[in-house]
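Accompanying notes for the structure given below.
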Amino acid sequence: MVASGVPELVLWKKVHQQLVGQIEHRLMVLSTLRQEQLQDYLLSEADKTQLIAIRIVISNYLNNVSTGNKTLAKLDLQMAISVISDFMNAAVYDSKGHLVLETEENVFQPRIEEASINTVVQEIPNLQYPVETSNGWMYTLSRGIHKGQKLIGQLMVSVNATKLVSLVYDRTGLQETGELLVGIPDGPDKIRLLLPAMQKPNVIVLPYKGAMAKAINGESGILKERNYRGARVIAAYRPAGFLHWGLLAQMEIKEAYASVWSVRLVILVTFSALLFVGALASLGLAKAFTSPIIELGKAAFALGQGDMRTRVKKGSSCFHDEFSNLKDAFNGMAHRIASHQYILEHEVSERTSDLAHAHDGLAREVEERKRIELELEKAKDIAMAADRSKSEFLANMSHEIRTPLNAIINFTELCLDTQITQEQQEHLEYVQFAAQHLLRLITDILDFNKIAAGKLEMEEIQFSLYEQLEQSLSVLAARAWKSGLELCCDIHADVPDQLLGDPGRLLQIFVNLVGNGIKFTKKGEVIVSVTVNSKSADDVELLFAVKDSGLGIPQTKQSLLFQAFSQVDSSTQRLYGGTGLGLAISSKLAAAMGGRMWVESEGVEGLGSTFSFTGRFKLFPSNSSMNFLMFKGVRALVVDDNSTGLRILTDLLKSWNIIADGVMTTEAAKSALELGESSGHKYNVVLLDMWLGGVEALDLVEYIRARPDLLQKYASDAEVNTLYPVEPDSDLALPSAHCLSQQCSSKSTPDRLRYGPNLKVEIYTKDNVSSAIIMLTSVNHMESSRCKELGLPFHTSKPIRRSLLNRVLRSALGFEDKMSHDEGKTSKESKKLNKRLHVLIAEDNPVNQRVAIKLLHKWGHTTVLAVDGAEAVERSAKEEFDIILMDVQMPVCDGFEATAKIPGMDYYISKPLNAKKLQDLLQYVATSSLRVYSASPSHKNSMSMW
């Protein structure tokens, strides 16, 4: 028995070792194949994303989003996604995390954290965990998009995870209890599963230990342990390539070693039988028992070496024993292993073939993209050349058109200054209006071309916001008056006056918006308002609004307003005219000032529209010359039938320390005057609109003249202190400035002081009470003449200009000493303005030469003519000039080249010449401290380019 039992034991050990080794080897082979399949799959997906990320159209668009062709970039992205079957959707984010491209809307987030973009490595994409959706398993791949070494964005792709799920959940070779797990490190003590466990889908997190931890740490091998269900398993583990993941192929030990246990059972039964039969059968059966086992061992060893065709031979079909069962089981196991091996090899071959086809398709697509990009680059060069030609054409045409316009406008103005008939004056005014309109059209077209070419330049100079707004309204005041409209300007008290910015462009916006308001308003008013939107120590953001009571704009048409060459409808263009460029240019100018422009309108006639825009300006220290302290204690009554104008003027006077009340009718004004007289608080001045309710305000003027005691002359606190000398230690109270009339109570001032010997209280009489009335007129000169006829010495036109109103108030209130001093100063300055200048005109066009000479001679200046830049340089070297007017485009030597040879260019004035601006420029030169030019290089002249 011992002799027969020893071979049985040896056979068991041998078979057990072979079978266990074979099972472990099979698991290692299976884990290796799955690891290679997983790595091939991920590398394939990574290569696909790389092919998309390096597309030149997308990279160029990301590099310059503001001017790039978004439609072309989106089409390029959609075409790239459509080629790859597994890729469902894609999106591109810029370096700040903003979504700039997407193949389908509302799939990706509009913004991602900027920090998450910087963590993406260029060579390795970032894979998010697969998620089971209604369309199946999906996951997201992210890859950085680079321009050279610079990260300019991130590509994010939504991928169909069906192939990945089938690869992980494929149980081929793992029998019933086996499964494949892919783990990803999630912190120092956790491992996150790529896909939930097959045996227990709610398990997605494992502790950082065991076989999976070894695989993540880069180790590979076989380990017996307890799995997440507590069952003992045999696990083959290995790292998942470049991703620092771990891959685990495991089976329950009881199933993996079932054949081993079957062999063990057979051997035990056989050994028991041998023990039972005894020694008599041991010799006869030894060979029968040992040879099949040895054959099985050899077959198992051959199978372990990779010979999948190895099988054990079956015995006689008549004699079927345990060895036959063992052989059948072994052959069945060998057959299943061979089948699984074949299936795996076939799937790997198919996947490799798919990848090859996809690679070839993408390669062809890349070549096609390169060809298209070359064609687009050529088309771009052609378009840029055409754009340059267009710009040069517009510049030349502008110069050619402005030359005859210069003659038309200025000779028309010269003719208007001569003795002509009323009919001739009317005709010439129509000519002047048409020429100015044509000039505005040319300016709009040039500005639009500059904006489209990105060549719009903004100045940053000091200017007065109040004067700029008042100037823009004064330009359009005549149009508003002819249309019967009230034009008002409401500047809030906290709005700063002195700013740094581009006043010319700001004036351009206001002239356009206010002009549109007047054009589309039949009756009512146009109100300009300015408020502070936000303010810091260095700059301020202002909110400008132009509100009218005109036609209104339907909401469905408002999107067309800021588009070039567009009108609300064609009938608007026929009725009111215009190119459709004004609002488009104004919107771009507002954007260049750091703001934006929008419109609010209910589309109902009478309710009108409100055009608003913001602009950011730097603050400049204010040195206002207006002294408002002198108005302290002044009482003023404002009479205006327009509620908006009344409110604005009243608020303005209050901001000047004036006690101001406002009424809208003649009867209300009479009541206010009588109330002031009875209460002892008489008004010092009345600001009266010339027309109240469509009727001339003569009735109220006559009423005041009939009762001059209703008003009281103003005396400042300084004058009162002079009239009432009081010792420093005295506790006696002095009367206030408005208590110099007989209505002041005797209780407020002691009798010995109330009427001192030095006090001479001036009262108004019927002869001089008119000086206390300031008439508010329109820009119509006939109304100014009407004021003189009525004997009203003080008047100012609406819309109100602050500086003019300040001077008129000072005169009406009797600040004569100060006014006399200012008049003397103005007289001295006027003498300076009358200085004759010696002017060199560098101009090649005969018409422009004639215009300039006529204007300068009319103003008393002497001129010398040069027909090109070279002659101008030569004459300036031989003769002294106060100023040189230099044309830009001239033959032989243009204005820029000539200016480079002559010291100093201080000013610029555009053509057609504006006579007022040219005269202002000459006056500035006449009063400035600039030296005239001489042949000595230490002196320089004043030069102006036109």
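Placed from the backbone N, Cα and C atoms, the Cβ positions cover glycine too.
If you look up TrEMBL, you'll see 261-286 marked as transmembrane segment.
With DSSP classes pooled into helix, strand and coil, the tally for the domain 'HAMP' (287-342) is 39 helix, 0 strand, 17 coil. As annotated by TrEMBL, domain 'HAMP' applies to 287-342.
Feature annotation from TrEMBL assigns domain 'Histidine kinase' to 396-619.
Residues annotated as domain 'Response regulatory' in TrEMBL: 635-813 (among others).
Using a 10 Å radius centred on the Cβ of Asp689 (4-aspartylphosphate) and all shown protein chains, the other Cβ atoms total 23. TrEMBL lists Asp689 (among others) with the feature 4-aspartylphosphate.
Under the heading domain 'Response regulatory', TrEMBL lists 838-946 (among others). Residue counts for the domain 'Response regulatory' (838-946) under DSSP, split into helix (H, G, I), strand (E, B) and coil, are 43 helix, 22 strand, 44 coil.
Feature annotation from TrEMBL assigns 4-aspartylphosphate to Asp887 (among others).
Other Cβ atoms within 10 Å of the Cβ of Asp887 (4-aspartylphosphate), summed over all protein chains shown, number 25. Cα separation, Asp689 (4-aspartylphosphate) to Asp887 (4-aspartylphosphate), rounded: 48 Å.
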